[in-house]
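Peer 1: Let me begin by handing over the structure; questions about it come next.
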């Protein structure tokens, strides 16, 4: 076959509607908005080509490989209801295109280059199907839901957390004091804010030492296991590992990482260290909204959540449905299931485009955090269930009597909701009543109820189905 130079349509090679997907293929669903005049088949094929083996012109070296074996294929196109110029393109990638155990390589291939493509007005990766063969090359979460419950000896209820505020400006000693008060009052965890790393007003080593002291003091006084998410995120991987090692030497149960700003390579290294050394790993998703908030361009958070489960983390922030940050109920529940369950059935109503089998990859606890307070407790308990972490920053530290009473109020509200649920009451309908009853015998809860009775964050969600 002679080499024929020149430019040819992508769809001739990369649009293959008759293709039967293999169980080893990585499948992707893209929401494509082409430029005017670009037909859907060509746009879908262009996405498949540019994110796999293709380039803009025929190249001589194509003859040296078996393209049929390695090319991505656009195998199905479906219209988007209510959007004229938009459609979902399904692309299948052969497994051999990806390095084993590397989320970094997977994302570089699938979303690395194609989003700047001129023939498209916008492009959004809605979902990925990770084949079992690829999932098995990842360690996944350091410990997972089951082991975490056993390590903490806490069962049958959501865990309670609190982000220490003001997030920047406290000295290490005062920071540790706030940690102690919250844990002593009844919380399971406190948390470094995502941007607390090692700043001039509080260097990381001082913070780690004072927080460890707070943890041990609170444990001794309450007889419960306590933790503080020590943020190990740093400017270099070496510095990050140094912080993780120091945390292990202090004997604390859990550390934390900002996985998107820190990067997947750093995150996976840290997750491996955590498993090898018995540390739990809390993951914060700082920067996610830059990537996932626009409906037409970027990546849906469910893809970032899947990537995190592969890279490794025991907790991850997943929206609240009821607080101050973005998160529609169905969509949020869609990726909460995706984080916790072994097998998720394809279901388009919460936006699940593919069935996903995680085989034996451990589950991740979803964390609800952001603008939530005691009045939200019944809804949160009902929406997230026992395998979750509910995090109240201002909702603890904003209590009129101080941090410890704020923690007491949250713990009482939670225990009341769990008890009511276990007695068969309907949390969605009777939620306010349950909180009111509990506040009769808890002055701390009564004071919290009074402060936050009118607070709501109500704006329409940006990302709808």
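Any Cβ shown, glycine's included, is placed from N, Cα and C.
So Swiss-Prot lists these for the protein:
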BINDING   113, 163, 167, 285, 317, 369  substrate binding site
BINDING   191, 193, 194  Mg(2+) binding site
MOD_RES   4  N6,N6,N6-trimethyllysine
MOD_RES   191  N6-carboxylysine
SITE      324  site 'Transition state stabilizer'
Peer 1: Within 10 Å of residue 163 (substrate binding site) (Cα to Cα), which of the recorded positions 4, 191, 193 do you find?
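Peer 2: Final answer, ordered: 191, 193.
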Peer 1: Helix, strand or coil for residue 193 (Mg(2+) binding site)? Use DSSP.
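Peer 2: Residue 193 (Mg(2+) binding site) sits in coil per DSSP, no helix or strand.
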Peer 1: For residue 193 (Mg(2+) binding site), which of these recorded positions sit within 10 Å, Cα to Cα: 4, 113, 167, 317, 369?
Peer 2: 167
Peer 1: Taking only the Cα atoms, work out how far residue 317 (substrate binding site) lies from residue 4 (N6,N6,N6-trimethyllysine), in Å, as a whole number.
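Peer 2: Residue 4 (N6,N6,N6-trimethyllysine) has its Cα 52 Å from the Cα of residue 317 (substrate binding site).
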Peer 1: Within 10 Å of residue 194 (Mg(2+) binding site) (Cα to Cα), which of the recorded positions 4, 113, 167, 285, 369 do you find?
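Peer 2: Near residue 194 (Mg(2+) binding site), where near means Cα within 10 Å, the recorded positions are 167, 285.
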Peer 1: Would you mind checking how many other C-beta atoms are within 10 angstroms of the C-beta on residue 285 (substrate binding site)?
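Peer 2: There are 23 such Cβ atoms around residue 285 (substrate binding site).
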Peer 1: Work out how many Å separate residue 113 (substrate binding site) and residue 191 (Mg(2+) binding site) at their Cα atoms, rounded off.
Peer 2: 36
Peer 1: Could you name the residues, excluding 191, 193, 194, of the same chain that surround the Mg(2+) site, i.e. Cβ within 8 Å of the Cβ centre of those residues, in sequence order?
Peer 2: 163, 164, 167, 192, 195, 196, 229, 231, 256, 284
Peer 1: As a test of the contact definition, list every same-chain residue at least 6 positions from residue 191 (Mg(2+) binding site) whose Cβ is closer than 8 Å to its Cβ.
Peer 2: 161, 162, 163, 164, 228, 229, 256, 282, 391, 393
Peer 1: Near residue 193 (Mg(2+) binding site), how many other Cβ atoms are within 10 Å of its Cβ?
Peer 2: 18
Peer 1: Can you tell me whether DSSP puts residue 369 (substrate binding site) in helix, strand or coil?
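Peer 2: Note: residue 369 (substrate binding site) is in a strand by DSSP.
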Peer 1: May I ask which residues of the same chain, at least 6 positions away in sequence, place their Cβ under 8 angstroms from the Cβ of the residue listed as 'N6,N6,N6-trimethyllysine'?
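Peer 2: In sequence order, 58 meet the Cβ cut-off.
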Peer 1: Restricting to the chain of residue 167 (substrate binding site) and a gap of 6 or more, list residues whose Cβ falls under 8 Å of its Cβ, or answer none.
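Peer 2: Counting only residues 6 or more apart in sequence, the Cβ neighbours of residue 167 (substrate binding site) under 8 Å are 193, 195, 196.
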Peer 1: For the binding-site residues listed here (113, 369), which one has the lowest count of neighbouring CB atoms within 10 Å of its own CB?
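Peer 2: Ranked by other Cβ atoms within 10 Å, the binding-site residues 113, 369 bottom out at 113.
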Peer 1: Per residue, counting other C-beta atoms within 10 angstroms of the C-beta, which of the binding-site residues 163, 194 reaches the highest number?
Peer 2: 163
